[in-house]
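Participant: Dropping the structure in here first, questions after.
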Amino acid sequence: MGPWRCCLLLLPLLAAAPRAQQQQFMEYVERRLALLEERISQWHDQSSRYSTELRDFKNQVLGMLETAEKEREALRSEAEGAAVRVDRLEREVDYLETQNPAPPCVEVDETLMEKQVATAKQRKNEKYTKLTDCSDTIASVRAMKILKRFGSTSGLWTKDAAGNSEKIYVFDGTANDTVYVFPRMREFTLFSATRKAARIKLPYPWVGTGHLVYDGHLYYIRQQGPFQVIKFNLANKTVVDSSVFPAEEQIPVFGLSPFTYIEMAADEEGLWAIYATKENEKNICLAKLDPTSLDIEQMWDTPCPRENAEGAFVVCGALHVAYNTRLPSRSRVQCVFDVSGTLAPEDASLVYFPKRYGSHSSMKYSPRERQIYAWDDGYQIIYRMEMKKKLEV
């Protein structure tokens, strides 16, 4: 109940009271009202001061938050700059390592080359003794998956044919000195640019699309006079070994791929080289290599013609050659040469690849995954193969 209302209620009583008492009572009421007004004024002053302090505190907090945001952006910019500098430093270190590898002996020793050629010819076309019990052959192409379009119309992409690494190695073009490395298939599929890929700058440029990643090493082809096979350690970025390929007067191994003179291949039996020479210019030749020393263990003249051949791979010791036409059509494997003699060429399945864009510039068989990594007119394709036993053919 308010003070004024109390006074109004007391007026009848005041009228009946003596005048002196009325005067005292009015003075008491006035003092109480004055005290109440003073307290209300103090409350207003305190509320105003609290509001001002709260507003000042709010402005101070907003200023601190704005400063913290600016400092956070500055720190993020510095971190991004540091990451760029670290990445540049890593590339520079990789470049320096590749520019200063352990110097291998890559000079052509004519006497050694003649000895290697003579030894290889002595063992030419001998019956091959298999190292494994692999007896599979290709029955058909079970599925095709087009991953993306990347780089030039010709190139090579592959995984390690012997190891368990999931890395993807990309050779863009037919002559270069840089290899792109993606950590997994997902990164290679999703990213359209090479900025997400690591780069390996090789000490010597490569030619063609016949290179191979095998058991942590890159086997690639270098041309400096005679063709050389370079064995490059992918872990420490150094050349481990090199060898002049012991074949005289080499010519392009595939009629439809004039840029490839040696096609390195891997299967369940190990390392192979597919090539051609003027001595037997109509047909393709095959050699078995020692992956450690790069020595030629054995060589064969195959009945598979070079004309209209676009690529080849080896499965369980059997060379499979894919053919096309000058005007790209549907590729098919129509020549199979089994070095062990288990599978006769006429008994092999005629394998057709699905219609695509052009012709293959590379076909890399993965014995671990039983599929082929192909490069077709700039498109990267995976062919999953249906296998069956040779005895069932």
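Note: Cβ is positioned from N, Cα and C throughout, glycine not excepted.
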Participant: TrEMBL pairs C316 with one of C134, C285, C304, C335 in a disulfide bond, so which one is it?
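Facilitator: As annotated by TrEMBL, the paired cysteine is C134.
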Participant: Where does the mean pLDDT land for the coiled coil (26-99)?
Facilitator: 82
Participant: Rank the disulfide-bonded residues C134, C316 by how many other Cβ atoms lie within 10 Å of each Cβ and give me the one with the fewest.
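Facilitator: Looking at the disulfide-bonded residues C134, C316, the Cβ with the fewest others within 10 Å is that of C134.
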